[in-house]
């Protein structure tokens, strides 16, 4: 879940907004909170102008499997409402009047809480905490943004209700240096050194996790002290975790890190957030700092001298960057710490011939409401990335990129600019590593001219957390090793899990085990982009192969509902879609006549 507090384009707390530096930002279903604040400014308490409607079953970024499975739970946790276009425009016309004539943020918040509860947007406690946490900042973002009623309703309801260009197209500048001819990497010679890189993502430690509590409570996050007991006929949360909308107790993360031995030894570690639990409506600065320091200390304890290279997760604020720089100082050089403090991103050289770039993907997030003020290359990060890649090309170095949110899940202009950068520096870029989705997948990049030549792949590793309904897991990458002339490309990867069903049995102890090896399981000749491209088309033709992918996609705990043809199409299409809102990437997967239906899968808004 997002936790944002940086003014885009600045990379530091916005001027005049000291209250923003006291917390990180985000909330379940930010669009609904936007609507709640709009209602608070525009409507009397008793006026309700719309009726309940079903939630869209698929998210915008092509992860139908996950969201089909959790939609009923989210529908119970949140109310979903159908706002008509004329009413929407009337509401947003009244917003500016409300802001001009009712300056009291406290009044806005109090009305928003009432509306949140009246409309059943969330349980009362969540309504109160979320509004109090975000009311100052949402009002400030609104007053500093330039949304007209038509733009606002186009954002909320789609292009049929209005046109919005708050996230309008923009382009970064590429150097005038001609692009070298494409040179796909060659597999290393037999016997060449191989590096093992541990990849950790989405740890989501819940300080208040409590065994035996209700795993299906009314709140967006359960298995907690405030979740209450389960119904008499239902079991409570397990000791090591639960297959529900729950995060992890610290003992499970400690078990993961202490049990890494069979998967090692490791040459280095990539760690791409998130650290705190998903109860974002309750988290204070103290909670965020406790999560950061506690989990960082745990990683240091069990990984010892192995260097760890982190990326910022769904957390973004100046004070948090400072805290991260302090916590991660033993791992990062001075220049990396300097840019981390400024904008949450950095670059360094972990070994000769390899440059590592850690991106702050909050600057591309669809849920980062600060981007409503200015979404054009926030903090200049992409232009900085171009400079780093050009310098690496000039030196003859290879580059790994790590980040939290995958590029195919980003705002369109950010995603398309990133895609263009990847194509330009395809010879230099040896690996891309992301998390965030909690499931096991990938995104293939193609040449922009034909969208048919695979040139890079972003690996999306599964989460440590169980959220939602998954086994805990982690990833190990085998990478062309540390020697002169190394390609530094991914050679294979392994995924390890903890089977919660077995671990939670009375008297059992947790056993982390290898779930699968990619090349062996999928019959890949190598782990280069073309092999992953070919795998998608093989899975489209071979239902059994897709079912294997579906099982592993969910870390060995798939949903009980079968994945039919539309689900399979959307899932496979997502693997081809490293560029957001680009259905043409799937044109070879399905007949042209089917492209509108594919696009409709992508255009539906995220549940949360």
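The chain as shown is numbered from 1 upward.
Glycine is no exception: its Cβ is also placed from the backbone N, Cα and C atoms.
Which of 1-22, 23-44 counts as region 'Disordered' depends on TrEMBL, and there it is 1-22. Comparing C-alpha positions, residue 88 (disulfide bond) sits nearest to 436 among the binding-site residues 202, 204, 274, 436, 438.
Looking only at Cα atoms, residue 563 (disulfide bond) sits nearest to 202 among the recorded positions 202, 274, 364.
Most buried of the disulfide-bonded residues 364, 563, 573, judged by other Cβ atoms within 10 Å, is 364. Taken as a whole, the domain 'Saposin B-type' (81-165) shows an average pLDDT of 73 in this prediction. Those residues of the chain, other than 202, 204, 274, 438, with a C-beta within 8 angstroms of the mean position of the Zn(2+) 1 site C-beta atoms are 201, 203, 247, 273, 278, 313, 435, 436, 463, 464, 465, 467. Residue 223 (disulfide bond) sits 13 Å from residue 204 (Zn(2+) 1 binding site), taking the CA atoms of both as reference points.
Spatial neighbours are here defined as Cα atoms within 10 angstroms of one another, and by that definition the neighbours of residue 404 (Zn(2+) 2 binding site) among the recorded positions 161, 202, 204, 217, 274, 438 are 202, 274. Cβ neighbour counts within 10 Å, taken over all protein chains shown, single out 246 as the most crowded of the disulfide-bonded residues 85, 88, 246, 586.
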